[in-house]
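Asker: The structure follows.
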Amino acid sequence: MAIERTFSILKPDATERNITGAINALIEKAGLRIVAQKRIRMTRDQAETFYAVHKERPFFGELVDFMISGPVVVQVLEGEGAIAKYRDVMGATDPSKAADGTIRKLHAKSIGENSVHGSDAAETAKIEIAQFFSGNEIVG
């Protein structure tokens, strides 16, 4: 399996509860390396651009408001099959349906406040990474 990079966000519900270290430990335990990481406060424009794919969905406004409600941690993760591996580590969007031991089963508050985001495909990962990181910020 090829070494890949994927994009991750530790959302405001995670930073608010000071559980970013616990989430990072689960990421690293899964064999993924954190090759870039920074704590930011997303602007409304950043959140709307990032979640533009959901613009016509009824939850779009609430999602954007949530993502700008507090600091987030944006990350680039690297490892073999990183995209699929991180999606497995995150667990199902609905924490009640997430597998035991996953980030969302352990830490998510609800479907909306589900602690983490991860890219769903290689092309998406490239786009998402470029929205928040320049090349010299990614140190593998």
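Each residue, glycine too, has its Cβ placed from N, Cα and C.
Take a look at what Swiss-Prot says about it:
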type	residues	note
BINDING	Lys11, Phe59, Arg87, Thr93, Arg104, Asn114	ATP binding site
ACT_SITE	His117	active site, pros-phosphohistidine intermediate
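For each listed feature, how buried is it and what is near it?
Answerer: Annotation note: Thr93 (ATP binding site) sits in a coil segment as assigned by DSSP. The number of other CB atoms found within 10 A of the CB of Thr93 (ATP binding site), across every protein chain shown, is 14.
In sequence order, Phe7, Ser8, Ile9, Lys11 make up the list of same-chain residues 6 or more apart from His117 (active site, pros-phosphohistidine intermediate) whose Cβ falls under 8 Å from its Cβ. DSSP assigns His117 (active site, pros-phosphohistidine intermediate) to a strand in the three-state reduction.
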Asker: For Arg87 (ATP binding site), which of the three DSSP-derived states applies: helix, strand, or coil?
Answerer: helix
Asker: Using DSSP with the three-state reduction, classify Arg104 (ATP binding site) as helix, strand or coil.
Answerer: helix
Asker: Whole number in angstrom, please: the longest C-alpha to C-alpha distance across Lys11, Phe59, Arg87, Thr93, Arg104, Asn114 for ATP.
Answerer: 22
